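Record features (Swiss-Prot):
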TRANSMEM  11-31  transmembrane segment
TRANSMEM  55-75  transmembrane segment
SITE      Asp61  site 'Reversibly protonated during proton transport'
Amino acid sequence: MNSINADLLYISAAIIMGFASIGAAIGIGILGGKFLEGAARQPDLIPTLRTQFFIVMGLVDAIPMISVGLGLYLIFAAS
């Protein structure tokens with residue numbers, strides 16, 4: 001494989017991992033803010049909100065993990 005294609009693979013993997021990480025960071029920030037807002041409004045629902053918070057945070061955090069796997073696949077398997 002010539003070096004231009006290899007360079008494009010590295011750049012595409014970096015873009016995939018970078019945008020997924022930025023998106024997850026923004027999503028977790030918004031999620032945390034909404035959790036605090038909901039907990040401040042109705043303190044008696046904190047256990048329910050906390051459970052839902054951690055479930056959704058796990059789903060949001062899974063996206064960058066998948067993109068890291070795809071990025072590593074692009075770097076090592078496709079080159």
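If you go along the chain as it appears here, the first residue is 1 and each next one adds 1.
Including glycine, each Cβ sits where the backbone N, Cα and C put it.
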- Hey, what's the Cβ neighbour count for Asp61 (site 'Reversibly protonated during proton transport') at 10 Å? 13
- Task: Indicate whether Asp61 (site 'Reversibly protonated during proton transport') is helix, strand or coil by DSSP.
- Result: helix
